[in-house]
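Chemist: Can you read through this structure? Questions will come right after.
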Amino acid sequence: MNQSPNLNSYREGPDEDGRFGIFGGRFVAETLMPLILDLQDEWNKAKTDPAFQAELKQLGAHYIGRPSPLYYAERLTQHLGGAKIYFKREELNHTGSHKINNCIGQILLAKRMGKTRIIAETGAGQHGVASATVAARFGFPCVVYMGATDVERQAPNVFRMKLLGAEVRPVTAGHGTLKDAMNEALRDWVTNVEDTYYLIGTAAGPHPYPELVRDFQAVIGTEAREQLLEAEGRLPDIVVAAVGGGSNAIGIFHPFLDDANVRIVGVEAGGKGLDGDEHCASLTAGSPGVLHGNRTYLLQDADGQIKEGHSISAGLDYPGIGPEHAWLHQIGRAEYVPIMDEEALEAFQLLTRLEGIIPALEPSHAVAEVIKRAPKMGKDQIILMNLSGRGDKDIFTVGKILGMEL
Amino acid sequence: MTARMDKRFADLAAEGRPALVTYFMGGDPDYASSLEIMKALPKAGSDVIELGMPFSDPMADGPAIQLAGQRALKGGQTLAKTLQMARDFRKGDDATPIVLMGYYNPIYIYGVERFLDEALEAGIDGLIVVDLPPEMDDELCLPALTKGINFIRLATPTTDDKRLPAVLRNTSGFVYYVSMNGITGSALPDPALIGGAVGRIKAHTKLPVCVGFGVKTAEHARAIGASADGVVVGTAIVNQIASSLTADGTASAATVAGVETLVMSLASGVRGARLAAAE
């Protein structure tokens, strides 16, 4: 534990002030500051507490279903005719996405801290469902803030949350998407500081959230690294994941950051194209700013007002990104590319037909990037992609666009 | 530091009454009406002006101030125009302290150095930036103090005695005690509890302590003013403006007049505060 920090490592961040380079930090109202410091203390203790780690591992194995499989997508590989494609099957987790990894970790922290009420924000509803699930499992009341637009386009998840006993509060401010839900969750938290634990769903927000969410999600990359070494005897050439706030991406990226020969590719929501405002490509088309407790890349105008953004996928519909991604982008360790709505839709259909896996629209963006890259790569090369969620929640959105009667 | 703030609080202390601190959103509903509101405030009895800088994502504000910010942004307000509003106000009033209040991102995007230089030149006396706690002092607080602009910090019920010294360390001008955990525009808590909290803060600092969040009427102002050095009113003024607007959201004849009437009433409240306390 007393090793001096490895100056050549990309895995040492954040510093004690929660910074990844210039990104991250603790830009919150004074009311929340003592809570964030308490959370940091508790997290520091939990990290090294064998009992906490044992409980996390036990729940991971028996409640979530870890380790998730590493799957060789043989038909997609043959179809594209290039690199071998492996999927980390996070969509097979309990509740259908990677979100549960973080929720189990944070609910254990909430319990340790003696909190009695859980709040969460959600975009696609996957984090809301995962939060409602762990709240049910541990007996906490749970309020989920969700943009009114998202409530409409993710109706199945709203129903699931309600069945699980959570209260879903639609947020009508702004475009009624994830950004607005996060504002409203912060307002709830600042009002109910004594008893409430804010279960943030992505690797963003004030320190220590980006760090602790990453650490709870890094199980994805840690497992995938071992599984691939076992299957192929080597590391992948490229690791690909979709990025909204960026929790599934940082989870699979982080364990590979110090493997110099592994390229890291994050896929942003290009929406209807980067020319106008209808996209969520904050790294490709945004600039550094301060929102929701951290400094990161944001979609904003010349006056520092935050733009709304657009994506077909509610989970990527956020005008910012986790601070560690902002840093990896700035120093060039990871590359971030946009994928348009239409490309994601095509990828969604192709994967469904070729592999019999209906992916969520979020990882469909990553699939689209794989479709672009694999044919240009050699057959001896390997792509590892995080298949972060299943697409059941999206069938109505997709059906509507494709003109199918449901 | 600019002299206006300290002089104003010293004068009021000599007069033996608390300050009335009034907040409004710059540019709500349009620049010209908003400037008229600003000019009307001191005439109606406001001692210190908080000039709100609109932000798209005001995370610590309730619905009233959120909507005011949206109206202002829709009306074309920018940080540059908010600074211009202060300049225009200063042409007719060089005594009333002006505090800019808002969130950090528009300032960060404007550029901290440029913002501070222009704010000083525009006659700004202090800054309240909600999302910059003491842990982030390098960003704006320390540069502002170096230039001579007060950095006014919020203390809240969660700011315990252990944390209070850190919160007060680089604070100047006055301390803004937020009387409850929550967002702007909530209900007023028990004045007796507030009195205790003000006493707790005063044990740690010689700065004036102003209290806000939930003050809506002259009666509230009188009750809070019995223990505090200043009473901050924001949401009530913003609501008054909202209720005066026409159906399509533009200013009416009642927009400025309504604010004047409300502020005169609040001013009578603070002026009676110490008398009420002495009885």
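Numbers here mean position along the shown chain, with the first residue as 1.
Placement of Cβ uses the backbone N, Cα and C atoms for every residue, glycine included.
Among the features that TrEMBL reports, active site, proton acceptor is placed at B:E50, B:D61.
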Chemist: Which ones in the same chain are close to B:E50 (active site, proton acceptor), with CB under 8 Å and 6+ residues apart in sequence?
Modeler: B:V21, B:T22, B:Y23, B:F24, B:V99, B:L100, B:M101, B:I128, B:V232, B:G234
Chemist: If you skip the near sequence neighbours and keep only those at least six away, which residues in the chain come within under 8 angstroms of B:D61 (active site, proton acceptor), Cβ to Cβ?
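Modeler: Looking at Cβ-Cβ distances below 8 Å from B:D61 (active site, proton acceptor), excluding near sequence neighbours, one finds B:G69, B:I183, B:T184, B:G185.
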Chemist: Any idea what DSSP makes of B:E50 (active site, proton acceptor), helix, strand or coil?
Modeler: strand
